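K.L.:
I have a structure I would like to understand better, so I am pasting it below and will then ask my questions one at a time.
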Amino acid sequence: MATITVVKARQIFDSRGNPTVEVDIHTSNGIKVTAAVPSGASTGIYEALELRDGGSDYLGKGVSKAVGNVNNIIGPALIGKDPTQQTAIDNFMVHELDGTQNEWGWCKQKLGANAILAVSLAVCKAGAVVSGIPLYKHIANLAGNPKIVLPVPAFNVINGGSHAGNKLAMQEFMILPVGAASFKEAMKMGVEVYHHLKSVIKKKYGQDATNVGDEGGFAPNIQENKEGLELLKTAIEKAGYTGKVVIGMDVAASEFYSEDKTYDLNFKEENNNGSQKISGDALKDLYKSFVAEYPIVSIEDPFDQDDWEHYAKMTTECGTEVQIVGDDLLVTNPKRVAKAIAEKSCNALLLKVNQIGSVTESIEAVKMSKKAGWGVMTSHRSGETEDTFIADLAVGLSTGQIKTGAPCRSERLAKYNQLLRIEEELGSEAIYAGVNFRKPVEPY
């Protein structure tokens, strides 16, 4: 049995130039693995604690405390442990070494979710190498998933909300090549639509409008949300993929929810007169009008993270034709997932490992979601690294969907390219989720 001999953390930088945590693990049989954690821009208030240093260095965003917690507390406690025992190691870190809890479970406020997760990811990678199997297969084994499926990529090609400097309230407009026969073909479709979209935007809004945002998407000076959908529809048509490439949205509505329980579609305009503030019901009806007019299959965070009422209404009214994805609502937290299942608040989980802070808890949230008949979309964060763990995670858990940005910017392509490698490695056994992206496998 190989055991952990070294756990070493350092501060590196994410794709936005902000510090983040990277961890190396060495084992007794000479293996060395490295894992790095991402960070988000629009973060849900219920996410586990991302520990930052504060102060003036790096504008308060340094992670030397989290790095110190790995090097001085977590690391020494893991020496001699077997890296294949993921659940035991995660539970030891979360319950014993950290031990902080709030009403939603283990909140990692002592050591930081970024410290614990970096180690959890590295342990998972080490466990795979020690077991002599690919990472995706190791993850499938940890979850008890017998059938591996490649996900449909959801490319975020138009950016608004907190990710962009335009007037657009809604944060992401995505394309999903569900009509492809393989992941490789899905990449081809996505890339071609992306380039057609670039031409359409350049022609309509000028060269500057094709500058890319944090996730590689375009942020043209669009005034309203329907304009974004219209651009996607045009680009899909020009690429010749009408019916094969469909649309998803991430509204990130918590970003424009007001104290008075209204949603301000003009929230980015300073000193605005409130003329575009609408009720939750009016916003729901706006989504329904979009769904009637465009090939929309997925809407993420359509309401505020505490607006359980409108989530449930929306899921009841359109949940069969559209997946209603909980991100800020659920924050990959098993307790919040359980509440949403009980209240029928949504019907899909957005899986972000750094919202909850360990591989084991992420697997638990996915298994609960699948048992409830939900879809699962694996996701990056807007501040990413070159780490490709989530590509293997999406395959190993057969989530059926992954969003990790546009087919642009190396930290995004790193994940898509890893999925191409995995598909090639699986050969004739490779299955692409395609139109079954919401339920690619039976619950495991």
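These residue numbers are counts, starting from 1, taken along the chain as shown.
A Cβ is built for glycine as well, from the same backbone N, Cα and C atoms used for every other residue.
Predicted, not measured: the structure shown is a model, and the values here were computed from it.
Okay, so Swiss-Prot annotates it like this:
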ACT_SITE  Glu215  active site, proton donor
ACT_SITE  Lys352  active site, proton acceptor
BINDING   His163, Glu172, Glu300, Asp327, Ser379, His380, Arg381, Ser382, Lys403  substrate binding site
BINDING   Asp250, Glu300, Asp327  Mg(2+) binding site
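Describe the structural surroundings of these features, if you would.
P.N.:
Here the Cβ of Glu215 (active site, proton donor) has 28 other Cβ atoms within 10 Å, regardless of which shown protein chain they belong to.
Around the Cβ of Lys352 (active site, proton acceptor), the same chain contributes Gly40, Asp327, Val331, Thr332, Ser379, Arg381, each under 8 angstroms and 6 or more positions distant in sequence.
For Lys403 (substrate binding site), the number of other Cβ atoms no farther than 10 Å from its own Cβ, over all displayed protein chains, is 29.
Packing around Asp327 (Mg(2+) binding site) is summarised by its Cβ count: 26 other Cβ atoms lie within 10 angstroms of its Cβ, all protein chains included.
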K.L.:
His163, Arg381: which of these binding-site residues has the sparsest Cβ neighbourhood within 10 Å?
P.N.:
His163
K.L.:
Considering Cα atoms only, can you say which of His163, Glu215, Glu300, Lys403 is the nearest neighbour of Asp250 (Mg(2+) binding site) among these recorded positions?
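P.N.:
Considering only the listed recorded positions, the nearest one is Glu300.
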K.L.:
Whole-number answer please: how many Å between the C-alpha atoms of His163 (substrate binding site) and Glu215 (active site, proton donor)?
P.N.:
8
K.L.:
In DSSP terms, helix, strand or coil for Glu215 (active site, proton donor)?
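P.N.:
Its secondary structure by DSSP: coil.
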